[in-house]
C-alpha cells in the first residue's frame, strides 16, 4: 500500500521508452499560436493578456538590462504553471514532482544569473559575500556562510517545488483512498471526507500556481542582484 502511493511519481514507460518527453511537450499543444490579425478569438486574446500580465509582474522590479530575460522567464512561468495544473488531472503524470527535472531547470538559470553578475559587475557581485562593516575576526566565517547560501540556492529552488507538489499529491491520494474505503462502511464520514478532498483539491490548484510563480520570481530576484 505504501509503495502504491509513490507509484504515481514514477516516470511512465511504454515498451521500455520513457514518456516524460510527451508530458513535457503536451502543454505547449494547448496554447494557440498567435496570428497576424487585428481581430483574434477570445482564447488568443485571453492568452495574450495573461502573458502580458505575467511578464509585467516579473519585469517590474528589474531594470532595462534585465528585460532581456523577459522571454525566458515568462516561458518558464507558463511552462511550470501548465505542467503543475495538468498534473492534478486524474491518470496524469506531473514531471515537476521529479527533483532531477527541477534541478535541471534551476541550476542552469541560477548559474546564468551568477555569471551575468560576475561578468558585468564583479566587484558588486563578490561584495554580497561580505556585508559592509563586518568585524575582521568574523570575515572568514561570514564568507563561508554566504558562499554556502549562494551555492545552495538552486537546490532550494528544486527541493521547494518538488516537496510542495509531492506532498499535495500524496495528501490527495490518501484522502481519496480513505473516501473510497469509508463509503461502504460509514457513508456519513465518507461524505465529510469527500468535502475535505474537494477543499484540498482547490488548495492544490492554488499551490500549483503559487509554486510556479515563486520559482520564477526567485530567479528574477537572483537576476536583480546581479544586474
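The first residue you see is number 1, and the count goes up from there.
Note that Cβ sites are derived from N, Cα and C of the backbone, with glycine treated the same way.
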Transmembrane segment per TrEMBL - which of 48-68, 69-89: 69-89
Within-chain partners of the transmembrane segment (205-223) [C-beta distance under 8 Å, separation at least 6 from its ends]: 58-59, 61-62, 66, 69, 73, 76-77, 80-81, 84-85, 87-88, 105-106, 109-110, 113-114, 116, 153, 157, 160-161, 164-165, 168
